Amino acid sequence: MSFLHSINPETIPDHLRDRDDLHLQREVVLQKAWMATFFAGLSAYLVWGYSISWNIDPGLQALIWAGLAGALFFTVNRRLSFQFRAIVLIAILATFSLSELLSRGLQGTGALFLLSVIGLATAFFGLRTGAIILLIAGVATGTAGWGAFIAAIPWLSQWFAPRTDLAAWVSLVFSLFLCGYYLLISIHQFSWEFSRVIQELRHSAQLMEQARNQSERQFRLRLEEMAHKNALLEAIGLVATKIVSETEPSSLLQTAVDTIQKQFLFYYVAIFLPDETREYAVLHAGSGEAGKIMLERHHSLKIGEVGIVGYVMSKGEPRISGNVEEDPAHYKNPYLPNTCSEMGIPMKMNGQVIGVLDVQSDHENAFSADDVEILQTIADQLAGALEKSRIFTQMRQTLEEVQERTRQSTRQSWQQHLRNSNRRFAFRYHNARVEPFQANPGEFTRVLWKKDAPTSTAHEDASQLALPIKLRGQVIGLVQVKFGTRQVSPEMVNLLEQAVERMALSLDNVRLVEEIQARAERERMVGEIASKVRSATDIESILKITASELGNSLGVSEVLVQLTPGGNRST
(Lines of atoms letter the chains of each structure in order from A and count residues from 1; the text may use other names and numbers.)
(Lines give C-alpha, C1' and ligand atoms only; values in the text may rest on other atoms or scores of the structure.)
Protein backbone atom coordinates (compact mmCIF):
# COMPACT_ATOMS: atom_id res chain seq x y z
CA MET A 1 0.00 0.00 0.00
CA SER A 2 1.46 3.40 -1.04
CA PHE A 3 1.96 6.28 1.42
CA LEU A 4 -0.65 8.55 -0.20
CA HIS A 5 -3.12 5.70 -0.30
CA SER A 6 -2.54 4.92 3.37
CA ILE A 7 -3.27 8.48 4.52
CA ASN A 8 -6.30 8.84 2.27
CA PRO A 9 -9.30 9.30 4.62
CA GLU A 10 -11.45 7.03 2.47
CA THR A 11 -8.97 4.19 2.91
CA ILE A 12 -9.92 2.12 5.93
CA PRO A 13 -6.96 0.48 7.73
CA ASP A 14 -7.04 -3.30 7.84
CA HIS A 15 -7.26 -3.43 11.64
CA LEU A 16 -10.50 -1.43 11.54
CA ARG A 17 -12.38 -3.34 8.83
CA ASP A 18 -14.25 -5.46 11.34
CA ARG A 19 -15.72 -2.39 13.12
CA ASP A 20 -19.25 -1.13 12.59
CA ASP A 21 -20.06 1.46 9.94
CA LEU A 22 -20.48 4.35 12.43
CA HIS A 23 -17.00 3.76 13.82
CA LEU A 24 -15.59 3.65 10.30
CA GLN A 25 -17.22 6.98 9.47
CA ARG A 26 -15.77 8.48 12.66
CA GLU A 27 -12.35 7.24 11.54
CA VAL A 28 -12.81 9.02 8.20
CA VAL A 29 -13.82 12.28 9.95
CA LEU A 30 -10.87 12.00 12.38
CA GLN A 31 -8.38 11.46 9.54
CA LYS A 32 -9.76 14.45 7.65
CA ALA A 33 -9.61 16.58 10.81
CA TRP A 34 -5.96 15.65 11.43
CA MET A 35 -5.04 16.41 7.83
CA ALA A 36 -6.86 19.77 7.99
CA THR A 37 -5.14 20.59 11.30
CA PHE A 38 -1.68 19.81 9.92
CA PHE A 39 -2.08 21.71 6.64
CA ALA A 40 -3.85 24.68 8.31
CA GLY A 41 -1.11 24.95 10.95
CA LEU A 42 1.64 24.68 8.32
CA SER A 43 -0.05 27.32 6.13
CA ALA A 44 -0.58 29.70 9.08
CA TYR A 45 3.05 29.30 10.14
CA LEU A 46 4.34 30.06 6.63
CA VAL A 47 2.11 33.13 6.20
CA TRP A 48 2.89 34.48 9.68
CA GLY A 49 6.63 33.88 9.30
CA TYR A 50 6.67 35.57 5.94
CA SER A 51 4.71 38.56 7.29
CA ILE A 52 7.31 39.20 10.02
CA SER A 53 10.28 38.44 7.79
CA TRP A 54 10.91 35.22 9.75
CA ASN A 55 11.94 37.21 12.78
CA ILE A 56 10.75 34.50 15.17
CA ASP A 57 11.94 33.66 18.62
CA PRO A 58 13.93 30.38 18.47
CA GLY A 59 12.05 28.89 21.38
CA LEU A 60 8.69 29.71 19.83
CA GLN A 61 9.84 28.40 16.48
CA ALA A 62 10.92 25.12 18.06
CA LEU A 63 7.54 24.87 19.76
CA ILE A 64 5.75 25.47 16.45
CA TRP A 65 7.83 22.83 14.66
CA ALA A 66 7.18 20.37 17.46
CA GLY A 67 3.45 20.98 17.13
CA LEU A 68 3.56 20.50 13.34
CA ALA A 69 5.60 17.30 13.74
CA GLY A 70 3.08 15.98 16.24
CA ALA A 71 0.19 16.78 13.89
CA LEU A 72 2.01 15.02 11.05
CA PHE A 73 2.72 12.01 13.27
CA PHE A 74 -0.92 11.59 14.22
CA THR A 75 -1.98 12.14 10.60
CA VAL A 76 0.31 9.44 9.21
CA ASN A 77 0.26 6.88 12.00
CA ARG A 78 -3.27 5.52 11.68
CA ARG A 79 -2.45 2.35 13.58
CA LEU A 80 -2.76 4.27 16.83
CA SER A 81 -6.04 3.72 18.62
CA PHE A 82 -8.97 5.83 17.53
CA GLN A 83 -9.68 7.08 21.07
CA PHE A 84 -6.09 8.24 21.60
CA ARG A 85 -5.89 10.15 18.31
CA ALA A 86 -9.31 11.74 18.89
CA ILE A 87 -8.52 12.82 22.49
CA VAL A 88 -5.20 14.37 21.40
CA LEU A 89 -6.90 16.33 18.61
CA ILE A 90 -9.67 17.59 20.92
CA ALA A 91 -7.09 18.52 23.57
CA ILE A 92 -5.03 20.53 21.06
CA LEU A 93 -8.09 22.40 19.80
CA ALA A 94 -9.34 23.05 23.34
CA THR A 95 -5.92 24.39 24.40
CA PHE A 96 -5.75 26.63 21.36
CA SER A 97 -9.28 27.98 21.92
CA LEU A 98 -8.62 28.71 25.62
CA SER A 99 -5.35 30.45 24.79
CA GLU A 100 -7.22 32.57 22.26
CA LEU A 101 -9.83 33.51 24.84
CA LEU A 102 -7.17 34.37 27.40
CA SER A 103 -4.99 36.33 25.03
CA ARG A 104 -7.46 38.06 22.76
CA GLY A 105 -10.74 37.87 24.54
CA LEU A 106 -13.81 38.55 22.52
CA GLN A 107 -11.74 39.70 19.57
CA GLY A 108 -10.15 36.24 19.06
CA THR A 109 -11.38 32.97 17.51
CA GLY A 110 -11.41 31.02 20.75
CA ALA A 111 -15.21 30.72 20.85
CA LEU A 112 -15.29 29.28 17.33
CA PHE A 113 -12.67 26.69 18.18
CA LEU A 114 -14.62 25.77 21.31
CA LEU A 115 -17.60 25.04 19.06
CA SER A 116 -15.39 22.80 16.91
CA VAL A 117 -14.20 21.01 20.07
CA ILE A 118 -17.83 20.41 21.10
CA GLY A 119 -18.75 19.20 17.62
CA LEU A 120 -15.81 16.81 17.29
CA ALA A 121 -16.30 15.44 20.81
CA THR A 122 -19.94 14.73 20.03
CA ALA A 123 -19.09 13.21 16.66
CA PHE A 124 -16.30 11.01 18.07
CA PHE A 125 -17.65 9.98 21.46
CA GLY A 126 -21.39 10.61 21.42
CA LEU A 127 -23.95 12.87 23.07
CA ARG A 128 -22.83 12.47 26.70
CA THR A 129 -19.21 13.36 26.01
CA GLY A 130 -20.30 16.29 23.84
CA ALA A 131 -22.53 17.60 26.64
CA ILE A 132 -19.69 17.35 29.17
CA ILE A 133 -17.33 19.21 26.82
CA LEU A 134 -20.04 21.86 26.24
CA LEU A 135 -20.44 22.35 29.99
CA ILE A 136 -16.67 22.57 30.52
CA ALA A 137 -16.32 25.02 27.60
CA GLY A 138 -19.11 27.24 28.95
CA VAL A 139 -17.66 27.26 32.46
CA ALA A 140 -14.17 27.97 31.09
CA THR A 141 -15.43 30.83 28.93
CA GLY A 142 -17.45 32.35 31.76
CA THR A 143 -14.50 32.07 34.12
CA ALA A 144 -12.22 33.76 31.58
CA GLY A 145 -14.74 36.55 31.04
CA TRP A 146 -15.28 37.12 34.76
CA GLY A 147 -11.55 37.16 35.37
CA ALA A 148 -11.00 39.60 32.55
CA PHE A 149 -13.72 41.86 33.87
CA ILE A 150 -12.67 42.12 37.50
CA ALA A 151 -9.01 41.07 37.24
CA ALA A 152 -9.63 38.66 40.07
CA ILE A 153 -6.49 36.69 39.34
CA PRO A 154 -3.65 39.15 39.52
CA TRP A 155 -0.87 36.85 38.34
CA LEU A 156 -2.86 36.09 35.19
CA SER A 157 -4.06 39.60 34.58
CA GLN A 158 -1.24 40.27 32.16
CA TRP A 159 -2.66 37.50 29.86
CA PHE A 160 -6.24 38.64 29.98
CA ALA A 161 -7.64 40.85 27.30
CA PRO A 162 -8.51 44.40 28.29
CA ARG A 163 -11.62 44.73 30.39
CA THR A 164 -14.80 44.70 28.42
CA ASP A 165 -18.44 44.91 29.22
CA LEU A 166 -19.63 42.01 31.39
CA ALA A 167 -22.79 41.74 29.26
CA ALA A 168 -20.65 40.92 26.23
CA TRP A 169 -19.01 38.03 28.07
CA VAL A 170 -22.36 36.79 29.35
CA SER A 171 -23.74 36.99 25.81
CA LEU A 172 -20.75 34.99 24.57
CA VAL A 173 -21.30 32.29 27.18
CA PHE A 174 -25.01 32.00 26.40
CA SER A 175 -24.28 32.04 22.66
CA LEU A 176 -21.67 29.34 23.17
CA PHE A 177 -24.12 27.20 25.13
CA LEU A 178 -26.89 27.74 22.59
CA CYS A 179 -24.76 27.17 19.48
CA GLY A 180 -23.01 24.27 21.16
CA TYR A 181 -26.37 22.74 22.00
CA TYR A 182 -27.55 23.18 18.42
CA LEU A 183 -24.37 21.61 17.15
CA LEU A 184 -24.48 18.83 19.73
CA ILE A 185 -28.07 17.75 19.07
CA SER A 186 -27.62 18.06 15.30
CA ILE A 187 -24.53 15.85 15.25
CA HIS A 188 -26.13 13.40 17.66
CA GLN A 189 -29.32 13.23 15.61
CA PHE A 190 -27.45 12.74 12.37
CA SER A 191 -25.20 10.14 13.98
CA TRP A 192 -28.16 8.30 15.45
CA GLU A 193 -30.06 8.45 12.18
CA PHE A 194 -26.98 7.36 10.28
CA SER A 195 -26.49 4.47 12.67
CA ARG A 196 -30.17 3.48 12.34
CA VAL A 197 -30.05 3.66 8.55
CA ILE A 198 -26.83 1.66 8.52
CA GLN A 199 -28.39 -0.98 10.76
CA GLU A 200 -31.47 -1.13 8.56
CA LEU A 201 -29.30 -1.35 5.47
CA ARG A 202 -27.19 -4.03 7.09
CA HIS A 203 -30.31 -5.90 8.15
CA SER A 204 -31.73 -5.55 4.65
CA ALA A 205 -28.41 -6.67 3.22
CA GLN A 206 -28.44 -9.67 5.55
CA LEU A 207 -31.97 -10.51 4.51
CA MET A 208 -31.02 -10.11 0.86
CA GLU A 209 -27.92 -12.22 1.42
CA GLN A 210 -30.00 -14.87 3.15
CA ALA A 211 -32.55 -14.74 0.36
CA ARG A 212 -29.77 -14.93 -2.23
CA ASN A 213 -28.12 -17.82 -0.43
CA GLN A 214 -31.45 -19.57 -0.10
CA SER A 215 -32.17 -18.95 -3.78
CA GLU A 216 -28.73 -20.25 -4.68
CA ARG A 217 -29.26 -23.31 -2.50
CA GLN A 218 -32.65 -23.92 -4.04
CA PHE A 219 -31.18 -23.35 -7.49
CA ARG A 220 -28.34 -25.76 -6.78
CA LEU A 221 -30.77 -28.29 -5.36
CA ARG A 222 -32.97 -27.84 -8.40
CA LEU A 223 -29.99 -28.28 -10.68
CA GLU A 224 -28.95 -31.37 -8.75
CA GLU A 225 -32.49 -32.73 -8.94
CA MET A 226 -32.62 -32.01 -12.67
CA ALA A 227 -29.20 -33.59 -13.17
CA HIS A 228 -30.30 -36.59 -11.12
CA LYS A 229 -33.53 -36.89 -13.07
CA ASN A 230 -31.66 -36.53 -16.36
CA ALA A 231 -29.30 -39.28 -15.24
CA LEU A 232 -32.28 -41.43 -14.31
CA LEU A 233 -33.95 -40.73 -17.65
CA GLU A 234 -30.72 -41.57 -19.45
CA ALA A 235 -30.57 -44.77 -17.43
CA ILE A 236 -34.16 -45.57 -18.45
CA GLY A 237 -33.28 -44.96 -22.09
CA LEU A 238 -30.17 -47.11 -21.85
CA VAL A 239 -32.03 -49.92 -20.09
CA ALA A 240 -34.83 -49.70 -22.65
CA THR A 241 -32.29 -49.87 -25.48
CA LYS A 242 -30.63 -52.89 -23.92
CA ILE A 243 -34.01 -54.55 -23.36
CA VAL A 244 -35.19 -53.98 -26.92
CA SER A 245 -32.03 -55.52 -28.34
CA GLU A 246 -32.53 -58.78 -26.42
CA THR A 247 -35.03 -61.47 -27.32
CA GLU A 248 -33.94 -64.40 -25.17
CA PRO A 249 -35.58 -64.17 -21.70
CA SER A 250 -32.44 -65.23 -19.82
CA SER A 251 -30.12 -62.80 -21.59
CA LEU A 252 -32.81 -60.09 -21.42
CA LEU A 253 -33.09 -60.29 -17.64
CA GLN A 254 -29.35 -60.55 -17.04
CA THR A 255 -28.65 -57.58 -19.31
CA ALA A 256 -31.31 -55.58 -17.44
CA VAL A 257 -29.91 -56.22 -13.94
CA ASP A 258 -26.32 -55.55 -15.05
CA THR A 259 -27.33 -52.27 -16.72
CA ILE A 260 -29.40 -51.10 -13.72
CA GLN A 261 -26.60 -51.93 -11.29
CA LYS A 262 -24.04 -50.09 -13.41
CA GLN A 263 -26.15 -46.98 -14.08
CA PHE A 264 -27.53 -46.52 -10.55
CA LEU A 265 -24.48 -47.85 -8.66
CA PHE A 266 -26.59 -50.13 -6.50
CA TYR A 267 -25.06 -52.82 -4.32
CA TYR A 268 -27.10 -55.63 -5.85
CA VAL A 269 -29.90 -56.01 -8.42
CA ALA A 270 -31.91 -59.17 -9.12
CA ILE A 271 -35.04 -60.34 -10.92
CA PHE A 272 -37.25 -63.12 -9.56
CA LEU A 273 -39.96 -64.95 -11.49
CA PRO A 274 -42.60 -67.27 -10.02
CA ASP A 275 -42.41 -71.00 -10.67
CA GLU A 276 -45.21 -72.89 -12.42
CA THR A 277 -47.10 -73.46 -9.17
CA ARG A 278 -46.53 -69.85 -7.97
CA GLU A 279 -45.22 -71.26 -4.71
CA TYR A 280 -41.65 -69.98 -4.97
CA ALA A 281 -40.02 -66.88 -6.44
CA VAL A 282 -37.05 -68.21 -8.41
CA LEU A 283 -33.96 -66.10 -9.13
CA HIS A 284 -33.53 -65.72 -12.90
CA ALA A 285 -30.93 -62.91 -13.01
CA GLY A 286 -28.56 -61.37 -10.45
CA SER A 287 -25.74 -58.86 -10.65
CA GLY A 288 -22.15 -59.44 -9.60
CA GLU A 289 -20.43 -62.51 -8.26
CA ALA A 290 -23.15 -63.06 -5.65
CA GLY A 291 -25.73 -63.24 -8.42
CA LYS A 292 -23.71 -65.87 -10.31
CA ILE A 293 -23.34 -68.04 -7.21
CA MET A 294 -27.04 -67.87 -6.35
CA LEU A 295 -28.02 -68.61 -9.95
CA GLU A 296 -25.85 -71.72 -9.86
CA ARG A 297 -27.53 -72.77 -6.61
CA HIS A 298 -31.04 -72.12 -8.03
CA HIS A 299 -31.82 -69.60 -5.29
CA SER A 300 -35.53 -69.17 -4.52
CA LEU A 301 -37.79 -67.63 -1.86
CA LYS A 302 -41.20 -68.85 -0.75
CA ILE A 303 -43.87 -66.46 -1.95
CA GLY A 304 -45.71 -64.64 0.83
CA GLU A 305 -43.44 -65.95 3.57
CA VAL A 306 -39.75 -65.20 2.96
CA GLY A 307 -38.16 -61.85 2.21
CA ILE A 308 -39.29 -58.61 0.65
CA VAL A 309 -39.36 -60.40 -2.71
CA GLY A 310 -41.85 -62.94 -1.37
CA TYR A 311 -43.99 -60.13 0.05
CA VAL A 312 -44.04 -58.13 -3.20
CA MET A 313 -44.74 -61.25 -5.27
CA SER A 314 -47.78 -62.06 -3.13
CA LYS A 315 -49.12 -58.52 -2.55
CA GLY A 316 -48.32 -57.00 -5.93
CA GLU A 317 -47.20 -53.68 -4.41
CA PRO A 318 -43.75 -52.09 -3.90
CA ARG A 319 -42.02 -52.41 -0.55
CA ILE A 320 -39.13 -50.18 0.55
CA SER A 321 -36.95 -50.84 3.57
CA GLY A 322 -34.70 -47.90 4.49
CA ASN A 323 -33.02 -49.95 7.23
CA VAL A 324 -33.23 -53.71 6.75
CA GLU A 325 -32.15 -54.35 10.35
CA GLU A 326 -35.51 -52.94 11.48
CA ASP A 327 -37.62 -54.69 8.82
CA PRO A 328 -38.77 -58.20 9.78
CA ALA A 329 -39.67 -58.98 6.16
CA HIS A 330 -36.05 -58.68 5.03
CA TYR A 331 -34.26 -61.94 4.21
CA LYS A 332 -30.66 -61.89 5.48
CA ASN A 333 -28.80 -63.30 2.52
CA PRO A 334 -25.34 -64.67 3.47
CA TYR A 335 -24.06 -63.75 0.01
CA LEU A 336 -25.04 -60.08 0.52
CA PRO A 337 -23.66 -59.12 3.96
CA ASN A 338 -23.43 -55.35 3.28
CA THR A 339 -27.08 -54.75 2.47
CA CYS A 340 -28.45 -51.77 4.43
CA SER A 341 -31.61 -50.95 2.47
CA GLU A 342 -33.75 -52.91 0.03
CA MET A 343 -36.58 -52.20 -2.38
CA GLY A 344 -38.85 -54.66 -4.18
CA ILE A 345 -40.76 -53.50 -7.29
CA PRO A 346 -43.50 -55.69 -8.84
CA MET A 347 -43.35 -56.49 -12.55
CA LYS A 348 -46.96 -56.62 -13.73
CA MET A 349 -48.61 -57.60 -16.98
CA ASN A 350 -52.40 -57.29 -17.36
CA GLY A 351 -52.75 -56.83 -13.60
CA GLN A 352 -50.86 -60.02 -12.74
CA VAL A 353 -47.45 -60.07 -11.05
CA ILE A 354 -45.07 -61.91 -13.37
CA GLY A 355 -41.88 -61.00 -11.52
CA VAL A 356 -40.13 -58.82 -8.93
CA LEU A 357 -37.26 -56.38 -9.45
CA ASP A 358 -35.17 -56.53 -6.26
CA VAL A 359 -32.72 -53.66 -5.60
CA GLN A 360 -30.35 -53.48 -2.61
CA SER A 361 -27.97 -50.73 -1.42
CA ASP A 362 -25.12 -50.64 1.06
CA HIS A 363 -26.40 -47.28 2.41
CA GLU A 364 -29.37 -46.65 4.68
CA ASN A 365 -32.36 -44.76 3.22
CA ALA A 366 -30.75 -44.94 -0.21
CA PHE A 367 -33.93 -44.80 -2.29
CA SER A 368 -35.63 -41.51 -3.12
CA ALA A 369 -39.11 -40.99 -4.51
CA ASP A 370 -37.59 -40.44 -7.95
CA ASP A 371 -35.72 -43.74 -7.68
CA VAL A 372 -38.95 -45.56 -6.86
CA GLU A 373 -40.77 -43.93 -9.78
CA ILE A 374 -37.96 -44.61 -12.23
CA LEU A 375 -37.45 -48.20 -11.11
CA GLN A 376 -41.19 -48.83 -11.33
CA THR A 377 -41.05 -47.59 -14.92
CA ILE A 378 -38.13 -49.91 -15.62
CA ALA A 379 -39.99 -52.80 -13.98
CA ASP A 380 -43.00 -52.13 -16.22
CA GLN A 381 -40.71 -52.05 -19.24
CA LEU A 382 -39.15 -55.33 -18.15
CA ALA A 383 -42.57 -56.91 -17.74
CA GLY A 384 -43.56 -55.84 -21.24
CA ALA A 385 -40.22 -56.95 -22.67
CA LEU A 386 -40.47 -60.29 -20.88
CA GLU A 387 -43.96 -60.85 -22.27
CA LYS A 388 -42.75 -59.81 -25.71
CA SER A 389 -39.82 -62.20 -25.39
CA ARG A 390 -42.16 -65.00 -24.35
CA ILE A 391 -44.42 -64.34 -27.33
CA PHE A 392 -41.39 -64.08 -29.60
CA THR A 393 -40.09 -67.42 -28.30
CA GLN A 394 -43.47 -69.05 -28.86
CA MET A 395 -43.69 -67.59 -32.35
CA ARG A 396 -40.18 -68.78 -33.13
CA GLN A 397 -41.00 -72.27 -31.89
CA THR A 398 -44.20 -72.26 -33.91
CA LEU A 399 -42.32 -71.02 -36.96
CA GLU A 400 -39.70 -73.71 -36.52
CA GLU A 401 -42.43 -76.32 -36.25
CA VAL A 402 -44.14 -74.96 -39.37
CA GLN A 403 -40.83 -74.89 -41.22
CA GLU A 404 -40.08 -78.45 -40.13
CA ARG A 405 -43.51 -79.60 -41.26
CA THR A 406 -43.00 -77.75 -44.52
CA ARG A 407 -39.63 -79.42 -45.02
CA GLN A 408 -41.12 -82.82 -44.23
CA SER A 409 -44.05 -82.15 -46.53
CA THR A 410 -41.70 -81.00 -49.28
CA ARG A 411 -39.48 -84.04 -48.85
CA GLN A 412 -42.40 -86.47 -48.77
CA SER A 413 -44.11 -84.76 -51.70
CA TRP A 414 -41.01 -85.01 -53.91
CA GLN A 415 -40.27 -88.56 -52.83
CA GLN A 416 -43.84 -89.59 -53.62
CA HIS A 417 -43.80 -87.66 -56.88
CA LEU A 418 -40.55 -89.23 -58.04
CA ARG A 419 -41.77 -92.72 -57.12
CA ASN A 420 -45.10 -92.23 -58.88
CA SER A 421 -43.57 -90.72 -61.99
CA ASN A 422 -41.46 -93.83 -62.67
CA ARG A 423 -39.04 -91.69 -64.65
CA ARG A 424 -35.36 -90.79 -64.46
CA PHE A 425 -34.73 -87.09 -63.88
CA ALA A 426 -31.02 -86.77 -64.71
CA PHE A 427 -29.68 -84.94 -67.75
CA ARG A 428 -26.26 -83.84 -68.93
CA TYR A 429 -25.20 -81.14 -71.34
CA HIS A 430 -22.21 -82.52 -73.25
CA ASN A 431 -20.76 -81.66 -76.65
CA ALA A 432 -23.57 -79.19 -77.32
CA ARG A 433 -26.20 -81.83 -76.64
CA VAL A 434 -28.58 -82.61 -73.79
CA GLU A 435 -28.81 -86.32 -73.00
CA PRO A 436 -30.05 -88.56 -70.18
CA PHE A 437 -27.44 -89.26 -67.57
CA GLN A 438 -26.87 -91.83 -64.83
CA ALA A 439 -26.75 -89.89 -61.50
CA ASN A 440 -23.72 -90.16 -59.17
CA PRO A 441 -25.10 -91.21 -55.73
CA GLY A 442 -21.78 -90.47 -53.99
CA GLU A 443 -21.67 -86.86 -55.15
CA PHE A 444 -25.34 -86.39 -54.29
CA THR A 445 -24.76 -87.78 -50.79
CA ARG A 446 -21.85 -85.36 -50.27
CA VAL A 447 -24.01 -82.41 -51.29
CA LEU A 448 -26.81 -83.63 -49.01
CA TRP A 449 -24.33 -83.67 -46.13
CA LYS A 450 -23.25 -80.04 -46.70
CA LYS A 451 -26.68 -78.65 -47.72
CA ASP A 452 -25.85 -74.96 -47.25
CA ALA A 453 -23.14 -74.26 -49.81
CA PRO A 454 -21.92 -75.54 -53.15
CA THR A 455 -18.86 -77.81 -53.19
CA SER A 456 -15.96 -77.31 -55.51
CA THR A 457 -13.17 -79.68 -56.57
CA ALA A 458 -10.15 -78.57 -58.57
CA HIS A 459 -7.77 -80.50 -60.79
CA GLU A 460 -4.65 -79.47 -62.65
CA ASP A 461 -6.38 -77.65 -65.50
CA ALA A 462 -10.08 -77.91 -64.62
CA SER A 463 -12.53 -77.61 -61.76
CA GLN A 464 -15.98 -78.92 -60.90
CA LEU A 465 -18.73 -77.19 -58.95
CA ALA A 466 -21.64 -79.06 -57.32
CA LEU A 467 -24.68 -76.97 -56.34
CA PRO A 468 -27.62 -78.38 -54.35
CA ILE A 469 -31.15 -77.89 -55.64
CA LYS A 470 -32.95 -76.76 -52.47
CA LEU A 471 -36.59 -76.21 -51.66
CA ARG A 472 -37.57 -74.94 -48.20
CA GLY A 473 -34.32 -76.23 -46.73
CA GLN A 474 -34.57 -79.66 -48.39
CA VAL A 475 -32.13 -80.85 -51.05
CA ILE A 476 -34.07 -82.45 -53.92
CA GLY A 477 -31.36 -82.59 -56.54
CA LEU A 478 -27.91 -81.62 -57.73
CA VAL A 479 -26.37 -79.46 -60.44
CA GLN A 480 -22.77 -80.18 -61.45
CA VAL A 481 -20.82 -77.77 -63.63
CA LYS A 482 -17.35 -78.45 -65.01
CA PHE A 483 -15.03 -75.55 -65.93
CA GLY A 484 -11.92 -75.51 -68.02
CA THR A 485 -10.14 -73.35 -65.46
CA ARG A 486 -8.76 -74.23 -62.05
CA GLN A 487 -10.53 -71.35 -60.24
CA VAL A 488 -14.19 -70.34 -60.39
CA SER A 489 -14.96 -66.68 -59.72
CA PRO A 490 -17.39 -65.74 -56.91
CA GLU A 491 -19.53 -63.90 -59.45
CA MET A 492 -19.95 -67.10 -61.46
CA VAL A 493 -20.83 -69.08 -58.34
CA ASN A 494 -23.41 -66.45 -57.36
CA LEU A 495 -24.91 -66.50 -60.85
CA LEU A 496 -25.23 -70.29 -60.80
CA GLU A 497 -26.79 -70.26 -57.33
CA GLN A 498 -29.45 -67.77 -58.45
CA ALA A 499 -30.20 -69.83 -61.55
CA VAL A 500 -30.48 -73.04 -59.52
CA GLU A 501 -32.72 -71.31 -56.96
CA ARG A 502 -35.13 -70.13 -59.65
CA MET A 503 -35.03 -73.56 -61.28
CA ALA A 504 -36.01 -75.14 -57.95
CA LEU A 505 -39.05 -72.87 -57.69
CA SER A 506 -40.04 -73.73 -61.24
CA LEU A 507 -39.61 -77.44 -60.52
CA ASP A 508 -41.87 -77.19 -57.50
CA ASN A 509 -44.50 -75.32 -59.50
CA VAL A 510 -44.42 -77.97 -62.23
CA ARG A 511 -44.62 -80.72 -59.60
CA LEU A 512 -47.72 -79.13 -58.16
CA VAL A 513 -49.26 -78.89 -61.64
CA GLU A 514 -48.45 -82.53 -62.39
CA GLU A 515 -49.87 -83.65 -59.05
CA ILE A 516 -53.05 -81.70 -59.74
CA GLN A 517 -53.28 -83.26 -63.19
CA ALA A 518 -52.65 -86.74 -61.78
CA ARG A 519 -55.28 -86.19 -59.13
CA ALA A 520 -57.72 -85.01 -61.80
CA GLU A 521 -56.91 -88.06 -63.91
CA ARG A 522 -57.54 -90.36 -60.99
CA GLU A 523 -60.83 -88.64 -60.27
CA ARG A 524 -61.81 -89.02 -63.90
CA MET A 525 -60.83 -92.69 -63.92
CA VAL A 526 -62.74 -93.38 -60.72
CA GLY A 527 -65.74 -91.58 -62.15
CA GLU A 528 -65.70 -93.66 -65.35
CA ILE A 529 -65.36 -96.93 -63.43
CA ALA A 530 -68.20 -95.92 -61.12
CA SER A 531 -70.39 -94.99 -64.11
CA LYS A 532 -69.84 -98.36 -65.80
CA VAL A 533 -70.36 -100.23 -62.55
CA ARG A 534 -73.68 -98.44 -61.98
CA SER A 535 -74.86 -99.57 -65.45
CA ALA A 536 -74.43 -103.28 -64.56
CA THR A 537 -77.52 -105.21 -63.44
CA ASP A 538 -76.03 -108.22 -61.65
CA ILE A 539 -73.17 -109.02 -59.27
CA GLU A 540 -71.13 -110.98 -61.79
CA SER A 541 -71.20 -108.09 -64.26
CA ILE A 542 -70.12 -105.61 -61.57
CA LEU A 543 -67.13 -107.76 -60.60
CA LYS A 544 -66.09 -108.28 -64.23
CA ILE A 545 -66.37 -104.59 -65.09
CA THR A 546 -64.39 -103.59 -61.99
CA ALA A 547 -61.56 -106.04 -62.69
CA SER A 548 -61.40 -105.05 -66.36
CA GLU A 549 -61.44 -101.30 -65.79
CA LEU A 550 -58.84 -101.40 -63.01
CA GLY A 551 -56.50 -103.51 -65.11
CA ASN A 552 -56.85 -101.26 -68.14
CA SER A 553 -56.62 -98.00 -66.19
CA LEU A 554 -53.71 -98.96 -63.97
CA GLY A 555 -51.81 -100.89 -66.61
CA VAL A 556 -51.17 -103.88 -64.36
CA SER A 557 -50.84 -107.48 -65.45
CA GLU A 558 -53.38 -108.97 -63.04
CA VAL A 559 -56.35 -107.84 -60.98
CA LEU A 560 -58.27 -110.24 -58.75
CA VAL A 561 -61.79 -109.36 -57.55
CA GLN A 562 -63.74 -111.93 -55.50
CA LEU A 563 -66.45 -112.23 -52.89
CA THR A 564 -65.83 -114.43 -49.81
CA PRO A 565 -68.60 -116.48 -48.13
CA GLY A 566 -69.51 -115.38 -44.62
CA GLY A 567 -67.36 -116.77 -41.82
CA ASN A 568 -64.33 -117.44 -44.03
CA ARG A 569 -61.21 -115.26 -44.18
CA SER A 570 -59.48 -114.44 -47.47
CA THR A 571 -55.72 -114.35 -47.73
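Including glycine, each Cβ sits where the backbone N, Cα and C put it.
Annotations in TrEMBL come from automatic prediction, not curation.
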Segment assigned the feature transmembrane segment in TrEMBL (from 58-75, 490-507): 58-75
Feature transmembrane segment in TrEMBL, mapped to one of the ranges 105-125, 462-482: 105-125
Long-range neighbours of the transmembrane segment (33-52), counting only residues six or more past its ends (CB under 8 A): 7, 9, 64, 67-68, 71-72, 74-75, 85, 89, 92-93, 120
DSSP residue counts for the domain 'GAF' (248-396), split into helix, strand and coil: 65 helix, 39 strand, 45 coil
